[in-house]
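To start, the structure under review is shown below, and the notes come after it.
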2 protein chains.
Amino acid sequence: MIRVGIVGFGTIGKRIADAVAAQGDMHVSGVLKVTPDYEVLVAAAKGFKVYTLPDRVEKFKKAGIEPAGTIEDLIKASDVIIDASPEDVGAENKEKYYSKFDKPVIFQGGEEAEVAEVSFNALANYDEARGRRYVRVVSCNTTGITRVLTSLMLNGVGIKKARIFIARRGADPKEYKKGPINDVVPNPATVPSHHGPDVKTVLKNVDIVTMAVAVPVTIMHMHMAFLELDGAYPRDAVLEALAKTPRIFLADVGAGFQSLAQIIEYARDLGRPRGDFPEVAIFRDSVTVNGNELYLMYGVHQESIVVPENVDAVRAVLGAMPKWESIKKTDTTLKLFTEGKRYG
Amino acid sequence: MIRVGIVGFGTIGKRIADAVAAQGDMHVSGVLKVTPDYEVLVAAAKGFKVYTLPDRVEKFKKAGIEPAGTIEDLIKASDVIIDASPEDVGAENKEKYYSKFDKPVIFQGGEEAEVAEVSFNALANYDEARGRRYVRVVSCNTTGITRVLTSLMLNGVGIKKARIFIARRGADPKEYKKGPINDVVPNPATVPSHHGPDVKTVLKNVDIVTMAVAVPVTIMHMHMAFLELDGAYPRDAVLEALAKTPRIFLADVGAGFQSLAQIIEYARDLGRPRGDFPEVAIFRDSVTVNGNELYLMYGVHQESIVVPENVDAVRAVLGAMPKWESIKKTDTTLKLFTEGKRYG
């Protein structure tokens, strides 16, 4: 059993913990929390040991919680660390703590690419993570784009240019202080947004430019993608490539999928934990071929899309399982859609 | 004085009425309202005669309002009609009423292009409206795109392809029943959205594709535009073209224009009627040249952008004034930004 320590138990960390616990070949050695809030109760209810930072031990004790130890204890009790700290805190943890040990660490996309030797997406470059000390799972939007482009490329559809336009969710559901309300915010106003360059940390040679705005939505990001292909492909060939690629879901307007909200409603109806939708949700009706141009719209569930990628990153970095075997195991244990998918 | 009858006194109609009243060479012969609600009081307060449909006269009387007459009386009392009815009602009015008279009628972009002989944008094709019986001012998003493309083309920048991605406001401020709340809605899910083909009703030869989603915003639309130019132009040349074109405003993030909300706050601070912003509001920071590709983001104020276009359409259809003279007069009377603008 691979012992996985999870540093950070927020939006991403708590989901990764549940996913790791569901795998069978790995278990959660502990989670690190900085604040003794209700999420500690969540962790305790699930049987996860809760660690904290050295300077937070007193605060936890005052709140009536006895931590299992400090971050260094957690690292010692783990074979691999997944750092799901807030933006830039992972890099601080690396300098302060991880650098003292010889354990592999998986960071999240909120960190700069330089924090790690490899930026990771399971479909795109699983094998590049093997034996690395530091790996970074790219962010939600970057993961969504990388999956779509890789799906096409793995199926022989060449991409000359990707120009992708993102309506970002302004905040996660629990972030009550963040906006915007009734506004559209260039995010950033400059071009490209960071997503395009970030995709290139995984898909080195792709010609990609992205623009992004933030909108008053908490449920999902929406992408409008314009791809210039290396030739004219039939629409059916594109749809087939997308349909058989793991972690991609094709939603039909005719089946009631008229917006992002219905995608999440579907996840809730299916009994998925937290109503999560880790697949890229492509609106099939939007998939349009016009000469050598391809258009499509898809939703990216910011809270959960990177969760299966983190599970695979654990196996990839340790060389514990071949790529497609890991992806299939992750998808099966997390009850993602596997019917009609090609694993390998 | 040109007598202008305005059929429909909703979001667009009431603004056109105020704009016509401010011109000096035209006046409002009357406005037509279908419902005897608070907007009748607005019309009365401004001294506009209120007409209604024949089958609404009783309803008005019951509400204590004596209409000045029916729609046919309004047409007789006018030299030109501006129809600002809800979508598709203009075409019904054409068949039922306008076809019986020999007066020019200006429709709005909610109508199909076929309702009129010419689809109109003042910058792009003012002279094509002259002497026509039926003219259609294109919709807010189409007006925004047409202005931006025309600004470049008038200044010698050739456009090979326009690929434009729209985050549409879900509803106008007063539309309390419309959504979405916390959702992003493909609008439509199919590609292209109607905006691209609609731009071609004015700019016949442009290669344009648009995609649109609706977001929980009432204040403005946001466009993310990707243009392939016929060569590599310096960024300064592009900015200069945009800066000197009437009805285009360049907003700097450094000056505090970080989102659409600040654009509208500026309009409110300037004392503009209703806090309207009839200019296309381009985020200067977003204007990016990359080889022969140009990127930019801009806001389109759906409630007011077509207002100056309607005023110009009146003069254009009657041959009452040359193009640039009309545009300048409209901009001056409506207190739009005229400094540094080139009229002609």
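Cβ from N, Cα, C; glycine included.
The feature active site, nucleophile is assigned by Swiss-Prot to B:C140. Taken from Swiss-Prot, the feature NAD(+) binding site applies to B:T11, B:I12, B:G110, B:R169, B:Q302, supported by sequence analysis. For B:S139, B:C140, B:N141, B:H195, B:G196, the entry in Swiss-Prot reads D-glyceraldehyde 3-phosphate binding site.
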Fewest Cβ neighbours within 10 Å, where candidates are the binding-site residues B:T11, B:S139, B:N141, B:Q302: B:T11
Residues B:S139, B:C140, B:N141, B:H195, B:G196 binding D-glyceraldehyde 3-phosphate per the record - widest CA separation, whole Å: 13
Nearest of the recorded positions (B:C140, B:N141, B:H195, B:G196) to B:Q302 (NAD(+) binding site) - Cα to Cα: B:C140
From B:S139, B:N141, B:G196: binding-site residues whose CA lies within 10 A of B:G110 (NAD(+) binding site): B:S139
Per DSSP, three-state class assigned to B:S139 (D-glyceraldehyde 3-phosphate binding site): coil
Inter-residue Cα distance where the pair is B:G196 (D-glyceraldehyde 3-phosphate binding site) and B:T11 (NAD(+) binding site), in Å: 24
Mapped DSSP class for B:R169 (NAD(+) binding site), helix or strand or coil: strand
Cβ neighbour count (within 10 Å, all chains shown) around B:G110 (NAD(+) binding site): 19
Cβ-Cβ distance under 8 Å to B:G196 (D-glyceraldehyde 3-phosphate binding site), same chain, at least six residues away: B:A162, B:I164, B:I208, B:V209, B:T210
